[in-house]
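I have placed the structure first, in the form of structure tokens, so that the comments after it can refer back to it.
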Amino acid sequence: MQGIKIAVLISGGGTNLQSLIDAVEEGSIKGSIALVISDRKGAFGLTRAENHGIQAMLLDKKTYGGIEERDAALLQILQEQKIDLIVLAGYLAIVPQRIIAKYENRMINIHPSLIPSFCGSGYYGEKVHQEALNRGVKVTGATVHFVNEETDGGPIILQETVTIDFDDDLKDIQTKVLEIEHKILPQAVRLFAEGRLKVIGNRVKIL
Ligand code: GRF
């Protein structure tokens with residue numbers, strides 16, 4: 001299929017990756033997932049990719065002899081494959097500044113809260129939802145944003161909320177948020193692929 005070439009970077013189960021695979025297979029995204037890269041051995045997302053005939057690669061620091069070397073290999077692969085869009089879908093490694101700069105407004109991330117709440121350095125995984133629970137917020141949600149030099153600080157593309165009910169525990173919140181992640185991530189990629197995202201300062205206009 002013609003359209004943009006997407007690379008998805010993961011570290012874990014890859015349910016967000018799956019939502020993208022499904023959207024591409026359904027034809028709702030004008031593009032293809034050219035490769036899936038994990039920094040963690042045994043990440044189930046790699047199996048998901050293989051099951052759908054997508055090139056899956058493990059890029060861990062052990063194989064490459066360090067973080068610097070791994071990141072150099074990452075950049076080389078992205079450039080060789082002429083990737084148009086990088087999607088961070090639960091990628092827990094830090095993306096170096098030189099890659100972020102090369103892919104300005106071409107790299108997006110999904111975060112499981114309403115940025116700027118419960119985000120930034122150290123806010124990943126269950127901690128995000130635990131903090132929302134501790135603070136007693138009545139709504140939380142998910143955010144898709146472009147990646148810039150500030151952790152979770154780039155221009156916001158889409159956000160959607162979920163309600164936190166009094167009896168919800170951490171798992172309930174995680175489940176609710178994940179459900180909307182699976183909706184807004186493919187939606188954001190679809191808009192990108194259609195050339196409908198215009199970054200103006202730190203805001204995104206949807207054309
Ligand atoms: C998601 O909650 C995502 O927002 C966060 O990491 C989690 C990844 O889940 N960045 P999965 O691997 O896509 O299932």
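Each Cβ is built from the backbone N, Cα and C atoms, and glycine gets one as well.
According to TrEMBL:
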- His111: active site, proton donor (ACT_SITE)
- Gly14, Thr15, Asn16: N(1)-(5-phospho-beta-D-ribosyl)glycinamide binding site (BINDING)
- Arg70, Asn109: (6R)-10-formyltetrahydrofolate binding site (BINDING)
- Asp152: site 'Raises pKa of active site His' (SITE)
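Ranking the binding-site residues Thr15, Asn16, Asn109 by other CB atoms within 10 A of the CB puts Thr15 at the bottom. Annotation note: Gly14 (N(1)-(5-phospho-beta-D-ribosyl)glycinamide binding site) sits in a coil segment as assigned by DSSP. When the recorded positions Thr15, Asn16, Arg70, Asp152 are compared by Cα distance to the residue listed as 'active site, proton donor', the shortest distance belongs to Asp152.
Among the recorded positions Arg70, Asn109, Asp152, no residue has its Cβ under 6 Å from any atom of ligand 1. Working note on the recorded positions Arg70, His111: by count of other C-beta atoms within 10 Å of each C-beta, His111 ranks first. Within 8 Å of the centroid of the Cβ atoms of Gly14, Thr15, Asn16, where the record puts N(1)-(5-phospho-beta-D-ribosyl)glycinamide, the same chain has further Cβ atoms from Ile10, Gly12, Gly13, Leu17, Gln18, Ser19, Gly45, Arg48, Ala89, Gly90, His182. DSSP classifies Arg70 ((6R)-10-formyltetrahydrofolate binding site) as helix under the three-state reduction. In terms of C-alpha distance, the listed recorded positions Arg70, Asn109, Asp152 place Asn109 closest to Asn16 (N(1)-(5-phospho-beta-D-ribosyl)glycinamide binding site). Mapped onto three states, the DSSP output places Asp152 (site 'Raises pKa of active site His') in coil. Proximity of Asp152 (site 'Raises pKa of active site His') to non-local residues of its own chain (separation of 6 or more, Cβ distance below 8 Å) is seen for Asn109, His111, Ile115, Pro116, Cys119, Gly120, Tyr123, Thr143, His145, given in sequence order.
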